[in-house]
């Protein structure tokens, strides 16, 4: 959520920055709501002032032995009118809050202009795509051996965009997740956290999936108002809800492996085959809560930490800076990591690392105590995929495939795979 002070004091600037990301803010509606809010506030203050004055007059009348009943009746009438005005104010505040919740974050000044992923800027590449003396196969074909990648079984259980992994592929999937967790906890200093996979609706509001992306969420039937997590970012960031963290305890660095559940409502016809776009997939998520002045340095750090996974697995990739029009709803700046897939002869997204500044923190009131002032201030929240496990498995399968269809085990993964060289 944007700072209401910025909206009130520098509305034109906000409108222009939002226009960079293709969002047209209805400034007329904002001004109407703001005027109604001010009018309701003034009315409430006026009623309260009159009531206080009458209360004093009643006290004076009683002290003089005068009949206070007419004045008390007037106070009662004022109280009724005050309650009505307070209810009106709450209605206006709700409309104002709903209006704010629909506004995305402002892009950072360094974010390049652009309308879509076609305008994203490549920052760097690492590694060279492998050369094959045979035509490289798609991961779905490679997975047919011993039926280790079984989409038919998954369809029988759950329908399209699910997968059943068996044997060596299931083990490789588990090994990759464990390798990522070990790297981030042992070398990058993250605290591992196990979190619920069902969260309250307010958690999704807190991180920005709601209200805009409701159709992309899986909501659990019943009266508990649970949602399946679309990313580990949701429970991790919400751990700081309504917390005030002391400065020496910062930064908070949390990592979790969770399943992610997404309806892919806007992805009809995209990546219908294989494991690239699924309703359920595993992801290792990195989250940091930091002091505001450190957040852009931290964004570079998280990006490098996600890159380290790909480097240790010797998977060629590139880093792309998202243009303003391709930013996620809550992000002020984002880097995507895209891994090379030989069968597609192109790079595909495998990680997204974002600085949300105080956008999420304002929604969940995640704060730190500034030792200089002694007062609580909003934190900056950052998140990054470290990495998407299924897509990493796809990249390993395709980049390490052999002519006979077997997959060579990356050196970094051998100890997690029982020391075997191929699977």
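Any Cβ shown, glycine's included, is placed from N, Cα and C.
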If Swiss-Prot says 231, 232, 233, 385 bind L-serine, which of 191, 285, 293, 338 does it name for the same site?
-> 285
Nearest to residue 264 (ATP binding site) by Cα, among 231, 232, 233, 385 (binding-site residues)?
-> 231
Would you count the other CB atoms within 10 A of the CB of residue 264 (ATP binding site), including those on all shown protein chains?
-> 14
For the recorded L-serine site, whose residues are 231, 232, 233, 285, 385, find every other residue on that chain with a C-beta no more than 8 angstroms from the centre of their C-beta atoms, and list them by sequence position.
-> 234, 236, 256, 258, 260, 283, 284, 286, 287, 383, 384
Reduced to three states, what secondary structure does DSSP give residue 232 (L-serine binding site)?
-> coil
Would you measure the largest Cα separation among 231, 232, 233, 285, 385 for the L-serine site and round it to whole Å?
-> 9
